[in-house]
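Chemist: Let me begin by handing over the structure; questions about it come next.
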Amino acid sequence: MTAATKSLKQDYAIADLSLADWGRKEIRIAESEMPALMAIREEYAKTQPLKGARVTGSLHMTIQTAVLVETLQALGAEVRWASCNIFSTQDHAAAALVQAGTPVFAHKGESLKEYWDFTHRIFDFGPAGSDHEGPNMILDDGGDATLLMHLGKRAEKDASVLANPQSEEERELYAAIKAKLAEDATWYTRKSAKILGVTEETTTGVHRLQEMSAKGTLLFRAINVNDSVTKSKFDNLYGCRESLVDGIKRATDVMVAGKIAVVAGYGDVGKGSAQALRALSAQVWVTEIDPICALQAAMEGYRVVTMDYAADKADIFVTATGNKGVITHDHMAKMKDQAIVCNIGHFDNEIEVASLEKYKWEEIKPQVDHIIFPDNKRIILLAKGRLVNLGCGTGHPSYVMSSSFANQTIAQIELYSHSANYEVGKVYVLPKHLDEKVARLQLKKLNAQLTELSQEQADYIGVKTSGPYKPDTYRY
């Protein structure tokens, strides 16, 4: 019996509720490693700034996410949760939340059909037609929950938007929307009617929001959490620096030292990935389209090449671009026998995985596959091209996720409590003083001692003694 069928009479869909005690023990450990998030929980618990908030959450269902969910609840929110990736759920984390009463719809290894079913179910807060039928807030990672509302609402008026799916993902999404409309023709309009805003976790999701905002089609307010400095410069860089190689090692037990590793993309995620591979003494090459990022890579001592050049020479390939078709079928056809291919960007289309379906696949273990080419060459594909650090590992450490999730919580409070200050259809970032607040809270765990400005020094550089210390244009 699948997780989905087990939950037909219950308001959750998880793998195994008996894992809850294990999950709870790990949640307690994570809480001790998440100082900023726990400090915000303590600061706002009495005032309940999220009382009345109905939060639809679509974000990797991990132990660290469980701490975020319970923080939102401690501040007064009602929460329904699904994972934003079919492989990223930690089943014991999901079980712990369900045991505590949270509706969670996630298990590791979901089908795409289950994924979109679960994403629909996190919008079902109350009876049809009631004032509390749907959410009034979305917390998103990658933008799928936001996409579902927008595309579904468009399809209510024009079914042709679902006519030409371009991928397996789109085929399942479009089928799910068609099925929902067949049973309830105004479901998306009603579910989206009360949504005040969305807070978005990732670069990919932010790009989607900005595109909709530019076109004038974004239905609600949005806060770009990704570009908070204490998110992008820490989660994206330092988180990936630890979790990438953890995922690769767990999946393959490969010796990294001496091998040629190619990192596609040298943004914050690529920078962390390159640092991690070099720390294990790999020869790291970088591919880039942006001359500024390419120059940064070169100045750090990395060799900057094209994927066409690297394809038949490297041993390990990592995509970190947020784009599509970065590693093509032709690239993989040229690769060495036993080359390792993985992705730490958001979606699986960075690698042309669909082009490999015509070949024989041999599962080595869950999320680790040999792809056998006609000449019997094999490449090792990790997590089927989805996030390797969460598909083959446990994702980022708790400490760095504390910064990200503290920003998410602050953003939820800000949008819910002060929605009138934000214009519908616009994308905002959190102010600098809140970024600095998160950093201060994180530093306490490290026993760091901050130097304090005198009033004379503050006047000299034109800031307050309490900050903010940098202009919004400052690049950390």
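Note that Cβ sites are derived from N, Cα and C of the backbone, with glycine treated the same way.
These figures come from a predicted structure and were not determined experimentally.
Straight from Swiss-Prot, here's the annotation block:
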BINDING   THR62, ASP141, GLU201, LYS231, ASP235  substrate binding site
BINDING   202-204, ASN236, 265-270, GLU288, ASN323, 344-346, ASN389  NAD(+) binding site
Chemist: Looking only at C-alpha atoms, tell me how far LYS231 (substrate binding site) is from THR204 (NAD(+) binding site), rounded to the nearest Å.
Modeler: 14
Chemist: Would you kindly give the Cα-Cα distance separating ASP141 (substrate binding site) and HIS346 (NAD(+) binding site), rounded to the nearest Å?
Modeler: 9
Chemist: Closest of the binding-site residues to ASP235 (substrate binding site), Cα to Cα, picking from THR202, THR204, GLU288, ILE344?
Modeler: THR202
Chemist: So which of the binding-site residues is most packed in, judged by how many other Cβ atoms lie within 10 Å of its Cβ, out of ASP235, GLU288?
Modeler: ASP235
Chemist: Give me the count of other Cβ atoms within 10 A of the Cβ belonging to VAL269 (NAD(+) binding site).
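Modeler: Looking across every protein chain shown, the total is 29.
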